[in-house]
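Record features, source TrEMBL:
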DOMAIN    A:102-312  domain 'ABC transmembrane type-1'
TRANSMEM  A:9-29  transmembrane segment
TRANSMEM  A:102-125  transmembrane segment
TRANSMEM  A:137-161  transmembrane segment
TRANSMEM  A:195-214  transmembrane segment
TRANSMEM  A:253-275  transmembrane segment
TRANSMEM  A:295-321  transmembrane segment
Amino acid sequence: MWAFVTRRLLYMIPTLFVISLVSFAIIQLPPGNFINTFVAELRAQGQGVDNAQVRALEERYGLDDPFLVQYGKWISGILLHGDFGQSFQYQRPVSDLIWDRIGLTLVLAVCTTLLSWAIAFPIGVYSAVRQHSVGDYVFTFIGFIGLATPNFMLALIFVWISFRYMGESVGGIVSPEYADAAWNLGKVLDVVSNLWIPVLIIGTAGTATLIRVLRANLLDELRKPYVTTARAKGLPEWRVILKYPVRMALSPFISTIGWILPTLIGGEVMVSIVVSLETTGPLLLDALSSQDMYLAGSFILILATLTVIGTLLSDLLLALWDPRIRHAQTAKG
Amino acid sequence: MDTDSDVLLEVKGLRTRFRTDDADVTAVNGANLRLRRGRTLCVVGESGCGKSVTARSILRLIDPPGRIVDGEILLRRDGSDGRPAETIDLAALKPTGRRIREIRGRDIAMIFQEPMASLSLVHRVGNQIGEAIRVHNPMPRRQARQRVLELLDQVEIPNPERTIDAYPFQLSGGMRQRVMIAMALSCSPRLLIADEPTTALDVTTQAQIMDLLVGLQHQQDMALMFITHDMGVVAEMADDVAVMYLGHVVEKGPVDTIFHDPKHPYTRALLDSIPRIGGARRERLSTIRGTVPAPADQPSGCVFRDRCDFVMPGRCDRIVPPPIDLGPERHVRCLLHGGAEPEAEVTTSQEAADAG
Ligand SMILES: Nc1ncnc2c1ncn2[C@@H]1O[C@H](COP(=O)(O)OP(=O)(O)OP(=O)(O)O)[C@@H](O)[C@H]1O
Ligand SMILES: [Mg+2]
């Protein structure tokens, strides 16, 4: 097992290298060098920029160097000093801007995953074990609605409902009265109470998918001979089902850890804009449209890295979950 | 001479039916069987004739849309293990209820056709056998583990200490079937049902597994219901034989009478298909003409008539052969041996089924 873990960690290095190259290439993509754009922008805003300042910037980013040298400066800045460069639009270091948002995105991802599991597991098991029951049809119907409704639409409906009937405006993760307060129980409760709506909205489609997958897998597994063997021992029915076929059908749950982050970021942009959450999605969108390339590149780098880590985690958990995977991997290494 | 107290399990008029929107299959259609303490009943017949469904019906392991629609399955407890002597009709129990669960694994255990698929691949051998022990005899894990080691040793698994912590996918087919046997024997059942336990194995392993089963049966004095489609295996193992065809038990009796004096044309055809080694040349195997019809469209009258060399037109297609008594424990269902008397002629297969 440890050999497997080590090997998987080593495999990450080339992957991360390629990811960082691509992220940097994105930074370099806009035509012209960005210092010209920056200077032009400052001038347009009526600020004077002297040549010394421009040269200092050019020096710092090594704009006259070849691509790989520039890349080397950029990546070593990140690795050695945590320096992701400067956001032109906000006139602040990128690292000041992103960490809060990435933290919030991660919290959202973890909460969404846990909530979808908590909802999908009992419903999926019930729908498979009681196939063709009224409950199964009801859940299937609700599930399809969940799949078919766009998230931003759900978000709008939620905002409207809470405004109309509860008289409070949904928005932000931290309510205004706690904005500057230090972390205490009240603030935590406040965050939780603001978080559940976006979590629910973002989680619907994923939850509906998970229910479908679990139901289909479990239906397959329930007919397998090993289930009959377990019944023939005299075990109670619920124990037969939970210990054997459910165990086999659960692997997709673990795989979700690997793909939750990319789908979340794709799916949350609209929702976050609607309920004004300060997550990565809106800022990334903003950075891309205003060609704030250091900001955009840094987001892409960090999110891609987190996705790679998510995939690694889900692979390791799968190996723990299913001895066949573990042994196949060990035999290979 | 056998007395009634020898009978451990009696199946009377069992009918098991699979009913779906587009098909209505009566997989077992009025089967009668009798299992005696300490003896082996071999159930033979071609693929699809309802052997597995019969076996699963006994333990109430038929999945929906299958259902027992008629008949009795009487289990006789003799009170020797501290529980009261009583007769239980398994066919009347709830398939997920507590009463049948107490019987599964404890009074009657079963091993299945595919050792590859019948064990969970993600649970350790020790876990799966230990669970079978502890469900009927609650005991600490350590003690159960000790018992599992004994069982693995008993089924002649080399190196039980290692196998107990292995996963089934790390074992060969023969080893997995031994694990299945150990699991089945874990609560010393009175009856072991073995549903073609060697079909998926190679010839050498087949012989080993069969020797093991016979040895264990004598040692534990349990009844064995052995399902096979190999008459050679029957000759080797059986005390009694039941020949099944399309959901019907067409002939049954002690093994000697079945082999030396087969009455039903189907039994004779099955016996002719055994390869005989010894003569200067090996004769071509005779096979049975035609194929088994789909159970969904059973012929009227005798189910075997389309393939029978002795078919009597005007009779076999109109009369369902009743069981004819040919001596102690010897029955045949064929009009050649009786049952074609005029008063019976009005009964057709459909009417018999409706009446049943
Ligand atoms: N789940 C099911 N749904 C519908 N029909 C079924 C089902 N299981 C069994 N049957 C029907 O019951 C018939 C008897 O099947 P069974 O498995 O008992 O045959 P068998 O004698 O054990 O054959 P084999 O030697 O191939 O194991 C089959 O022909 C099939 O049509
Ligand atoms: Mg079978």
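Positions of Cβ are set from backbone N, Cα and C atoms, glycine also.
Whatever TrEMBL says is automated annotation, not expert-curated.
By number of Cβ pairs under 8 Å, the transmembrane segment (A:102-125) is matched best by A:195-214 from the list A:9-29, A:137-161, A:195-214, A:295-321. Most Cβ pairs under 8 Å with the transmembrane segment (A:295-321) belong to A:9-29, among the candidate stretches A:9-29, A:137-161, A:195-214. Tertiary proximity for the transmembrane segment (A:9-29) is limited to same-chain residues at least six positions away from its ends with a CB under 8 Å from its CB atoms, namely 67, 70-71, 74-75, 85, 293-294, 296-298, 300-301, 304-305, 308-309, 312.
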